[in-house]
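Annotation comment: TrEMBL describes 40-491 as domain 'Major facilitator superfamily (MFS) profile'. For 1-20, the entry in TrEMBL reads region 'Disordered'. As annotated by TrEMBL, transmembrane segment applies to 116-137, 149-172, 207-230, 236-256, 317-337, 380-400, 412-432, 468-487.
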Amino acid sequence: MADSLAPLLPTHIEEDDDTSSPLTFDKILEKSLSDFGFSQFLQIVLVGLALTFDSQQIFITVFTDAYPTWHCLDHTICNPATTDICKIPRSAWDWDGGFKGKSVISEFDLECSSSFLRSLPSSTFYVGSIVGGVVLAMIPDGSLGRKQLLFFSSFAMSLTGISIFLSSNIWIYSFLKFVIGFARSQTGTYALVLISERISTKWRPRATMVPFTLFVLGFMSLSGIAYLVRHASWKVLYLCTSIPAGIHSIFIYFFALESPRWLHLEGKNKEAIEVLKRISPANRGYLESVSSRLRPKETLEQTSSYSIKDLFIRKWAFRRVTLVMIIMFGLGMSYYGVPLAVRDIKVNIYMSEALNAMVELPTFVVTPILLEQFSRRSSVLVNCLIGGASGVLCFVMSLYGRTKIAFALELGSFFCARIGFNLMAIYLVELFPTCVRNSATMMLRQALVVGGACCPLIASLGRNVPSLSFAVFGFAMSGLGLFALLLPETKGLSLCDTMEEQEQRDQALKTSHSC
């Protein structure tokens with residue numbers, strides 16, 4: 001990492017610029033943030049930690065809604081290996097440890113309920129994420145800003161998570177899970193957009209890996225927290241994750257910096273320059289000298305005429321959005337479903353979830369290599385095919401009792417699902433221009449969540465046909481991944497800012513290929 005105390009720009013830059021010509025804010029930001037200082041890193045970590053607590057809420061039901069173990073009390077009519085507890089009196093068996101509050105299943109007496117009712121809390125969480133993604137996406141950026149939206153999203157999620165401690169039945173619990181899903185639906189988008197808009201192009205690929213890494217660390221820490229409170233009520237796990245999340249949201253409110261790009265587009269040039277000064281104090285003199293040359297607000301308003309509807313009224317944009325959402329739906333089923341279904345394989349649940357989280361870490365090294373060495377389209381396609389095949393083979397191996405091989409294949413399928421998400425996140429940025437990129441990102445995450453919403457029901461069916469869900473997730477990832485063949489290649493191409501610029505560039509590429 002470069003020394004944050006070193007000058008970011010040579011002193012002759014200001015002299016070379018024509019002070020009479022207008023200077024774009026993008027140029028000012030790129031020059032002032034060309035180095036990567038410690039203050040930038042702290043801001044990235046502060047905002048990125050929101051994804052740590054987000055990941056814990058996503059995967060927490062793996063532990064809280066798990067089917068607990070039980071033992072026989074009357075061995076004359078009960079055999080743990082063959083007996084269905086729903087067909088014998090309740091007095092003939094009991095939960096291990098004699099503690100009814102270990103799981104949602106045991107506390108709310110759902111052991112003999114339908115798969116639909118047992119999976120209802122997880123399903124309502126994803127439904128809430130879908131509804132929240134649509135509703136919150138309609139909030140204009142000018143109303144609150146990136147930082148405020150992230151604060152309200154994180155704070156509402158943590159407050160609702162704490163209130164779960166008071167839930168007394170499956171219906172109240174499911175409703176609160178819906179509220180959590182609604183509140184956190186755009187947390188990842190807010191955090192990633194805020195980070196990417198406070199960093200220069202040079203450092204953006206590496207900087208955006210930090211929140212992804214923190215997301216995985218949240219997943220890993222959840223396994224450890226769940227193990228430490230394994231003898232307590234399942235509600236304690238919500239307290240242990242929600243209280244720190246609430247404290248973090250307060251830190252965001254007081255210490256996180258707003259996006260300088262958003263401030264500039266709102267005509268708040270003075271505030272934008274102040275943010276850049278705090279991020280890059282070594283460039284304070286340069287920023288003060290160029291602040292007066294920024295375009296006024298009325299000039300900016302003339303260029304801000306795009307919205308989410310442009311993704312639907314333009315044929316090429318609608319086609320790309322549709323293809324991207326189809327691919328992300330398949331990846332979402334595998335990414336969210338595989339950790340839920342792993343309990344059907346006879347392995348330790350704490351170890352399995354920790355390993356699932358650990359295999360994500362190498363993906364942040366593999367993804368940049370794939371992006372640099374291979375085309376976007378082929379990387380997504382081959383990755384989806386390998387991941388899908390691993391899921392199907394996991395199902396086959398589990399049928400033959402090869403537990404260790406099946407678990408290894410499960411890890412491989414999850415590994416590919418994560419790489420697929422990383423690849424598509426970068427691919428999406430290059431497929432759409434700046435004016436609609438945030439809306440397109442929202443739709444990508446919505447497709448991911450819709451795929452995840454299908455997982456609890458599919459995973460619960462695996463209790464009747466062991467590991468069948470792995471085959472379903474595998475076929476979804478590989479089959480829907482084939483749609484990547486219909487997307488245009490973007491490797492090596494610069495980013496466009498407007499819809500018209502994107503159309504002109506695409507037309508020029510078609511003409512050059514035809515020649």
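Quick reminder: no glycine exception, Cβ is built from N, Cα and C everywhere.
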Practice problem: Six or more residues out from either end of the transmembrane segment (380-400), which same-chain residues have a Cβ under 8 Å from its Cβ atoms? | Solution: 327, 330-331, 334, 338, 344-345, 370, 406-407, 409-410, 412-413, 415-417, 419-420, 423-424, 427, 466-468, 470-471, 473-482, 484-485, 487
Exercise. Between the transmembrane segment (468-487) and the stretches 149-172, 236-256, 412-432, work out which stretch tops the count of Cβ pairs under 8 Å.
Key: 412-432
Exercise. With a Cβ cut-off under 8 Å, give me the same-chain residues at least six positions beyond the ends of the transmembrane segment (149-172) that come close to it.
Key: 47, 50, 53-54, 57, 104, 108, 110, 117, 120-121, 136, 139, 179-180, 183-187, 190-191, 194, 235, 238-239, 241-243, 245-246, 248-250, 252-253, 256
Quiz item: What is the average pLDDT across the domain 'Major facilitator superfamily (MFS) profile' (40-491)?
Solution: 83
